[in-house]
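Note sheet for the following structure.
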Amino acid sequence: MHRITILGATGSIGESTLDVVRRHADRYAVHALTAHRQVQKLAASCIEFRPARAVVGTSEAAAELEALLRMAGVKTEVSHGEAALESVASDAQTDSVMAAIVGAAGLRPTLAAARAGKRVLLANKEALVMSGRIFMDAVREHGATLLPIDSEHNAIFQCLPANDQRYRAGVAKVVLTASGGPFRTRDPATLHDITPDQACAHPNWVMGRKISVDSATMMNKGLEVIEAHWLFGAPAEHIEVLIHPQSIVHSMVAYRDGSVLAQLGNPDMRTPIAYGLAYPERIDAGVSPLDLTLAGALNFEKPDLVRFPCLALAFDALRAGGVAPAVLNAANEVAVEAFLQGGIRFTDIARIVGNVLEKAPHGAADSLECVLEADQLARQSARACLQDVTTSAVR
């Protein structure tokens with residue numbers, strides 16, 4: 001029985017992972033589940049899957065969860081806090097760790113899993129964006145297995161040679177596809193009027209609010225560009241982004257002989273999740289098979305960097321190197337949260353991120369401490385920028 005820990009069990013990736021596990025109860029057992037504050041949802045999953053351990057964000061949430069599980073007669077051990085997250089991620093009793101905590105909060109536990117030599121199913125792109133070299137060194141030094149779960153990187157992983165998943169001779173470039181989000185054809189002059197609800201209404205994917213906004217700005221694709229650099233060793237000039245509104249082609253690898261290999265499928269995160277769980281086998285993910293006769297035309301176009309300045313900022317951060325990607329991510333997290341709370345306009349997100357990236361010192365990312373310090377300084381700078389934003393709050 002393969003034992004799994006799910007970091008971020010109440011988010012969209014966590015819930016999709018549990019759905020796949022539910023379909024294969026004969027081969028997977030849940031060892032630990034974590035959530036920050038969604039105690040009711042976590043309790044329901046603990047009652048169903050009976051994990052040995054559960055972790056929440058605060059002592060208050062832990063007390064609430066313990067009470068709910070006690071009433072249900074479930075003896076899951078409950079703990080809270082960052083140290084507890086790192087503990088379950090590196091627990092000797094778990095085989096695979098689904099790293100699905102959104103944002104910088106997922107960095108430490110995901111790194112702990114790598115350092116413990118786990119099979120890491122990486123859905124938390126920020127771990128690589130912030131600490132790419134540190135993270136990849138940990139994977140190599142401790143014998144961890146790293147399997148990308150983002151649909152784009154999972155697609156590239158599948159399209160690279162089976163005996164060498166790194167970016168090697170013979171590969172001309174990797175191509176990340178992007179839906180373009182809900183504003184792909186909207187007049188850029190009207191983007192300042194976008195509301196949080198509009199930004200979260202993705203045309204193809206069901207996702208959490210933060211990643212939905214990142215998709216709308218294309219910062220999500222920018223972060224994926226940085227992630228692809230570290231996963232596959234691809235320099236910025238060998239990473240291309242194409243808008244593909246149908247979200248059927250999840251990404252491609254172009255080879256020097258003119259061949260292009262692509263991975264296709266219906267837009268459902270259970271496909272890459274099932275791939276990561278069972279690799280190198282294939283299992284039923286509960287996803288309807290792709291019918292190309294119904295899919296119709298598949299369109300591709302270059303991204304408009306006037307409409308999507310966040311994508312250009314991400315390429316800038318990748319080329320700058322060092323802690324610049326961590327600065328980019330931190331500033332974006334602060335700006336997106338402010339937008340979701342109605343404090344700034346949609347177009348202020350890129351403006352704030354650009355200002356912070358321009359002003360921040362771009363030191364080397366030599367240690368986790370350097371990365372986390374850059375993260376905190378960038379957040380402080382972004383919050384200062386919020387005070388300077390003169391646009392009225394979105395309502």
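Any Cβ shown, glycine's included, is placed from N, Cα and C.
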Of His192, His202, which does Swiss-Prot put in the 1-deoxy-D-xylulose 5-phosphate site with Lys125, Ser151, Glu152, Ser179, Ser215, Asn220, Lys221, Glu224? His202
Of Gly181, Gly208, Gly222, which does Swiss-Prot put in the NADPH site with Thr10, Gly11, Ser12, Ile13, Arg37, Gln38, Asn124, Glu126? Gly208
Which site among Thr10, Ser12 has the most other CB atoms no more than 10 Å from its CB, taking these as binding-site residues? Thr10
Where's the emptiest Cβ shell within 10 Å among the binding-site residues Arg37, Glu152, His202, Gly208? Arg37
Residues within 8 Å of the Asp150, Glu152, Glu224 Cβ centre (excluding the Mn(2+) site residues themselves): Lys125, Pro148, Ser151, His153, Asn154, Leu176, Asn220, Lys221, Glu227, Ala228, Ser251
Could you state the CA-to-CA distance between Glu152 (1-deoxy-D-xylulose 5-phosphate binding site) and Asn124 (NADPH binding site) to the nearest Å? 13
When distances run from the Cα of His202 (1-deoxy-D-xylulose 5-phosphate binding site) to each of the binding-site residues Arg37, Asn124, Asp150, the nearest one: Asp150
Give the helix, strand or coil assignment DSSP yields for Lys125 (1-deoxy-D-xylulose 5-phosphate binding site). coil
Which chain-mates of Asp150 (Mn(2+) binding site) that are at least 6 residues away have a CB under 8 A from its CB, listed by sequence? Leu122, Ala123, Lys125, Glu224, Glu227, Pro272
